[in-house]
Amino acid sequence: MAKLKIAGTWAGVLEVELENWTVPMLREEVAKRSNLGPESINLICAGKLLKDGDGSEKLSQLGIKNNGKILASRVSVNEGKSLNEELMAEEERSRRLNRVKAAASALAQRHADGLMPVEDFNIELEDQSGQKVQLGSETDQRAIMMGLMLHTNAKQLIRRKMFKDALEVLTMGEEAFSLCNPKAIELIDNVSILQIDMVWCYFMLRDVSWLSVAGIRLQKAKEGLERAHGKDASRVRLLQAGRSLELALHMRLELLEGVVAYHSGQFVESRKALTSAQAKFSQLVVSDEALSLVMSMGFKEKEAKRALRMSNQDVGSAIDFLVEERTQIEKKREEDIRRRDEISEQKQYGVTPLKKPVDLQRLRELVSIGFDKELAAEALRRNENDTQKALDDLTSPETNSLLQVDIESRKRKRQQQKADAIIERLVSMGFDRSRVVEAVRAGGNLRQALQLLTAQPGVNPSAAAGNNASSAPTSTTNLGPESLSNHNLPDSLIENDEAGEASTSRKTEVRDEEMENELAAELERGDAYSDYDFEVTEEGEALNEYLALLDSAGSNQKVQASH
């Protein structure tokens, strides 16, 4: 037995088993001797508040030793509840951040290595013009995708003023980008923008403890932007027909440089950076007249402001920008529909031995020279999309015959799996299994089988199948406390069955679909200009604040000098 010296609400020595006792056990014992409830006691050891955690950690694991000193302080019930709520909120926040990271990793893993997507969309890397890009190896692609997804999620948190959470997600994104070969990303600006966003979070949290690292991040961001955008943004201006897409981003960078310099006591450097940022800010302030003119052309206020900021306040150029953007959006929508259709078609053919989808371009080539589409798809599938090997199989009578047998075998297997799934669904609703099997054999799909089961209780479904369903009695099969008929079956259940499973032979993987869908939706809402498009109101306020502080510091220095 070990001894702990307790002071505070009760003073004395407690004998405990450090290897077996937990914090809740110690709290309860101290509370009992203090004639208080456990929720009214805080335990402090070595300056740290002892938390209950999940209740499984032993005192020895927390570093508490024999003859250790514990301070027991009393808290009000409300304060105790508040502390508990705070701990619960922190745990929930931590769980959510872990889910975000895991979901981003899972999505990047599935979509960067060319495997068949389980969703009806593909996440692909594109440049600002919407062209697909390949950056480095598959490992690099995964790292970049994960970094971009986490950065997108963090930007949503920044818009919602959740800067602490955003900072943690940005840190995850930075870690993801660090796994990529630097050569693969040195000419893209995403990593630099992430660095600026991190320092913006420091600033909005007013956390000066990050001052030294903030300066390093801003220097890296500045160097990265120059590599990606060219000297004085010459490269990006050339690519964007002279438009100033990057102006707001550079303004925020210079503002933050001025803030860091000010808190470092470098007032001359601070004023230089802030003055440059203020000049850019004045270029970003949209006039009411220009805004009205653009909106009169049928554009909304938000998109009109963005176009004017990126077009140096030139109304004609802003309208051209918006027209081009709408064209690109429509083109992307059509491309997304086409890609969803392709994925749906690919899922019909199954996956190759390496879990890749059938290459539709190569499939079209084989079909164009006269081969049956389903047969050609099977040849490509089993030969890992090697066109020549697929041709060899298709032109060989023996292997061609085997391909046809395999196709028919898989069809029967899929049909059996589908029938088994329908049977299990209906049995889970309370229907007798033997009647369900007969109904599925007679009816085929879920809706028809359910109609047979609910039409005439106790009647053999095979006999009932020949009757007119519309004239059948509407009584329902008794399932115990409730009855279920066709009209109150969830529509989604019927629709999913009628649509068929995309790939019944594929094993279902454990996924956090809710978080994955949330990340995918954030990516869908974004566009090529979202990194450069943000309101600059807070930046304007910060510029005024720090320029005033510099003026005040200058006045104080003059007063001191005169003395």
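Residue positions begin at 1 at the first shown residue.
Note: Cβ is positioned from N, Cα and C throughout, glycine not excepted.
The feature compositional bias 'Low complexity' is assigned by TrEMBL to 461-478.
Feature annotation from TrEMBL assigns compositional bias 'Polar residues' to 479-489.
Using DSSP to sort the residues of the compositional bias 'Acidic residues' (511-521) gives these counts of helix, strand and coil: 9 helix, 0 strand, 2 coil. Per TrEMBL, compositional bias 'Acidic residues' is recorded for 511-521.
The annotation domain 'Ubiquitin-like' is assigned in TrEMBL to 22-70.
Note on the domain 'UBA' (285-325): DSSP counts are 29 helix, 0 strand, 12 coil. Positions annotated as domain 'UBA' by TrEMBL: 285-325 (among others).
Per TrEMBL, domain 'UBA' is recorded for 357-397 (among others). DSSP places the residues of the domain 'UBA' (357-397) in helix, strand and coil in these numbers: 29 helix, 1 strand, 11 coil.
Taken from TrEMBL, the feature domain 'UBA' covers 414-456 (among others).
Per TrEMBL, region 'Disordered' is recorded for 461-527.
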Please report, as numbers and ranges, the same-chain residues at least 6 past the borders of the domain 'UBA' (357-397) whose CB is under 8 Å from any CB of it.
114-116, 342-343, 345-347, 349-351, 403-404, 406-407
Secondary structure composition of the domain 'UBA' (414-456) [DSSP: H/G/I, E/B, coil]
36 helix, 0 strand, 7 coil
